[in-house]
Amino acid sequence: LTRSPPLAAVTGSDASGPDPQLAVTMGFTGFGKKARTFDLEAMFEQTRRTAVERSRKTLEAREKEEEMNREKELRRQNEDIEPTSSGAHVVRDCSKSSSRDTSSSESEESSGSSDDELIGPPLPLKMMEEPSNHIEEDILGPLPPPLYEEREREAETQAEGEAGGENPVQKIPDSHEITLKHGTKTVSALGLDPSGARLVTGGYDYDVKFWDFAGMDASFKAFRSLQPCECHQIKSLQYSNTGDMILVVSGSSQAKVIDRDGFEVMECIKGDQYIVDMANTKGHTAMLHTGSWHPKIKGEFMTCSNDATVRTWEVENPRKQRSVFKPRTMQGKKVIPTTCTYSRDGNLIAAACQNGSIQIWDRNMTVHPKFHYKQAHDPGTDTSCVAFSYDGNVLASRGGDDTLKLWDIRQFNKPLFSASGLPTMFPMTDCCFSPDDKLIVTGTSVQRGCGSGKLVFFERRTFQRVYEIDITDASVVRCLWHPKLNQIMVGTGNGLAKVYYDPNKSQRGAKLCVVKTQRKAKQAETLTQDYIITPHALPMFREPRQRSTRKQLEKDRLDPLKSHKPEPPVAGPGRGGRVGTHGGTLSSYIVKNIALDKTDDSNPREAILRHAKAAEDNPYWVSPAYSKTQPKTMFAQVESDDEEAKNEPEWKKRKI
């Protein structure tokens, strides 16, 4: 073992500099050089001085900018207030005592006892109220009011003007549109996440498609398509309040929850259809109609079904519902709910039924409805949608009797307004409120080839039909007005999903994908020539092409297997180890087998007794099983022929 070199040698503190041999030994250049030292206090002091200097410059620039803005504002105020007819400035002497207040000044000016004479327009009210002891020098022109109060006053005036006179139709974002091709069948479900980044569509073709506005280009293609419910039509799609889950309601009796990428999170259990009381079974037993997420509580949702129940669920417990609401007629009979929804605060649950009634429950009380209006729409028609306003006081219902009605839940005894002449042919036709709660939107249905479906806008305050949009030559089934994007999504009966937006009034959404050009195919992904490659086209599997038959025959002649002459059939007794045939008939075959038959023609009893001694000496199969239950076997003795002759009766002997 060798001792390590001293520290001075390693650090290279020798005056002669680093040893080149030592650098070669350590494997890299520069080893042994003296380490560089830093004065941290000097660095910190330099940094502090630099920061102070920058801060001082920033403050000076900011003060200078504020002063310039103040001068510009003052100049603008003077130009606005100064009368155009007067060419001279107004001069006011402000050298009064500090004890004079505003009221005394006003009285002295009105009585004519004031020593000062005012020339020009009167002072603003704010300056008249201020005491005069704050003014110690002459000011040219009238004093302007404080800027912030003036701005607040202007903002309030502008807001009042907007509230009173602005037309809500001007806020409808319909100047531009894009069309998303879902399929060829009806788009019966639409869902948009709370942030407005992704749109999900579902239809009668069992497909659910995902659209990402930020990832799409001008080709408007979905990035994912799946069939979560196999062969069941999609009735409803809705994102949760957190945007990480999607509620899928189909024509089956089991609702599903999938994540943002389409993977299944949970599936509700199916109930027992042979139980009479639907409150005693764990899930729905008939086809679903629609579903809705709770607006506040994460993981809670609601579904309604043909089994005459409305059930609430929790994602963490798919094996049983949380609670059951059973709509009833005034006589206490079952009635099927066709649609359901939560209120904006989540405390109320509203459902519309097939008998035309609308029933509203408290979320925590399932026994009796809090509000019940029995003839909201015509009996026997399917009310397709109920929706609460953003303030939570008004409920809109879209009936199967071609009407749209508005209800105040604080006075739920009659509708506020009603509009008719809105044909619908789908059990999921939507209605919704605008983000500012001033408009109500719904769609209309048409027969194929008999006009175009429309999106109709009603003003909430007067319920006047203020605006219409011709969508397409098919029915308008779904409509959705997103509050953050300020864009309107529409699902139609011919497999299209349209998005209406305004570049100035809307945010993100469709604006992100419209500006992107359609992607071109990359050059590396294309082939210069179209080759068709199959496994057997490779040289190692390729069979040689026959050029002539003569050469192939010559090769076959040299092959001992192919050139072997077939042997003729054997005639006679046989030769060369081959057995001769006895003819090709059935009789010759039978005669041959009889000749080869070597069966034992001896007495079968003797053949059995031949093995009796061996079985007695070594019992293995039968004897041990019957050793305790069977008596000892005794066989009769066989008499010889002489003994038989002796024992024969006399009459037989005489006859012989």
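Using the three backbone atoms N, Cα and C, a Cβ is placed for every residue, glycine included.
Over in TrEMBL, the protein carries these features:
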type	residues	note
REGION	1-21	region 'Disordered'
COMPBIAS	48-79	compositional bias 'Basic and acidic residues'
REGION	48-171	region 'Disordered'
COMPBIAS	90-99	compositional bias 'Basic and acidic residues'
COMPBIAS	106-118	compositional bias 'Acidic residues'
COMPBIAS	127-137	compositional bias 'Basic and acidic residues'
REPEAT	180-212	repeat 'WD'
REPEAT	281-323	repeat 'WD'
REPEAT	386-410	repeat 'WD'
COMPBIAS	542-567	compositional bias 'Basic and acidic residues'
REGION	542-581	region 'Disordered'
REGION	633-656	region 'Disordered'
COMPBIAS	646-656	compositional bias 'Basic and acidic residues'
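Residues in the repeat 'WD' (281-323) partition by DSSP class (helix H, G, I; strand E, B; coil) as 0 helix, 19 strand, 24 coil. Nonlocal intrachain contacts for the repeat 'WD' (180-212), taken as residues 6+ away from its ends with a CB within less than 8 angstroms of a stretch CB, comprise 220, 222-239, 241-243, 246, 248-249, 260-262, 426, 428, 475, 477-480, 482, 484-485, 487, 489, 491-499, 507-509. Residues of the repeat 'WD' (386-410) grouped by DSSP class, helix first, strand second and coil last, total 2 helix, 13 strand, 10 coil.
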